[in-house]
């Protein structure tokens, strides 16, 4: 079904989504300038650049300096990078154990942090983390029957990634790039925390900076996604890493396309895909456990249909199509989703929770990072614990996410290859192919039985 000549063809490699590429680059340049100003304003001297006069009617006589908080962010960067590197180092030998630990320990960790927040009289954050722990627990309970298949898919994805050592080098390189940017970002964030604005002004600035960091981190993660997906797709098409038909320097070719012609599509998709797919996982989990509450079911079903519509235009499988065929993001997302629906593989994709499991590991890494930075801040500047801890948590999530994305890229490539030509998976791993086919058959039968049950119920009601 796959025309190998169309994969990585320079003839179809045109610059896509250039507008979003320009927006992202302008955002980086403008934000970098603002971050340097915010950091310098409080570096070694209070209000060095006389910026505090522009505060909107809210003043604090704060003598804090950038260097008071910058080392705390350095700890966050170091801990986040260390957790990411440890994950990559243990990828081949203990990856499944680490993912199982992430699933089961995240709820407990959130609950512990909630208790600590209440102890520090931070009631809002205590309630927020307690709610997060409850939602995480309910989600795990709702998908516990899916975890064996999910772990199987993740195990095979790890097997694929482990056979491609150059993938690890790409992840390490991008983590180094992210650390360099975080050095600038944390310099400005430390200046904001030390500034004379009131708490409300500081929080708004930190929220804006955090959104920017999230977008930048998502762009780097998805750039790795495109690079790794392209490489994995080539390996599956040609039957192995060392197969004779493999094109020369596939990694460099995939890297070149990812950071040039396809980079605009990556910037565009990175704005929305993470939020939409996370919302989709949560709604799917709650939808399956609602029971007979028709009112609640109707509300959740409406949200579910809305999110499913958005998924057609923003899904992580688009990055495989971008990597291989050089498509724009929206077309790639639609093509991937139509491919899944036309082949029935969408039922298998919906059943798999590998993305959610990897996200749990990412969140756990961020929480550990935020805790380390927050504890140090509490020992020196107790009134700034939440500000530093929450932003440090985001830094940790971005760094650990850069390590996790190599496995997620392999998972998405496996599903796209299975949808386009199942024989590719059979040739790579016959036993895994049989397990996927059996599970797909079960899911399609389940959906058919559910559809008949709903139809019978509607006829009975009328």
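Each Cβ is built from the backbone N, Cα and C atoms, and glycine gets one as well.
The shown structure was predicted, so the numbers you read here are calculated from the model rather than taken from an experiment.
Sequence annotations record features per position, and here TrEMBL assigns transmembrane segment to 18-40, 73-91, 97-116, 123-144, 170-192, 204-237, 257-279, 356-379, 385-407.
Looking at 18-40, 356-379, 385-407, the range that has the most CB pairs within less than 8 A of the transmembrane segment (73-91) turns out to be 385-407. Tertiary proximity for the transmembrane segment (204-237) is limited to same-chain residues at least six positions away from its ends with a CB under 8 Å from its CB atoms, namely 2, 4, 7-8, 24, 27-28, 31, 35, 38, 160-161, 163-164, 166-167, 170-171, 174, 177-178, 181-182, 185, 188-189, 192-193, 195, 197, 246-247, 250-251, 253-255, 257-259, 262-263, 266-267, 269-271, 273-274, 316, 319-320, 322-324, 387, 390-391, 394-395, 397-398, 401-402, 405-406, 408-410, 412-414, 416-417, 424-425, 428. Cβ atoms under 8 Å from those of the transmembrane segment (18-40) belong to residues 48-49, 51, 66, 70, 184-185, 187-192, 195, 205, 209, 212, 215-216, 219, 263-265, 267-268, 271 of the same chain, restricted to positions at least 6 beyond its ends. For the transmembrane segment (97-116), same-chain residues at least 6 beyond its ends with a Cβ under 8 Å from one of its own Cβ atoms are 87, 90, 125-130, 132-133, 136-137, 140, 147, 151, 154, 357-358, 360-361, 363-364, 367-368, 371. Count of Cβ pairs under 8 Å against the transmembrane segment (385-407): among 123-144, 170-192, 356-379, the largest is for 356-379.
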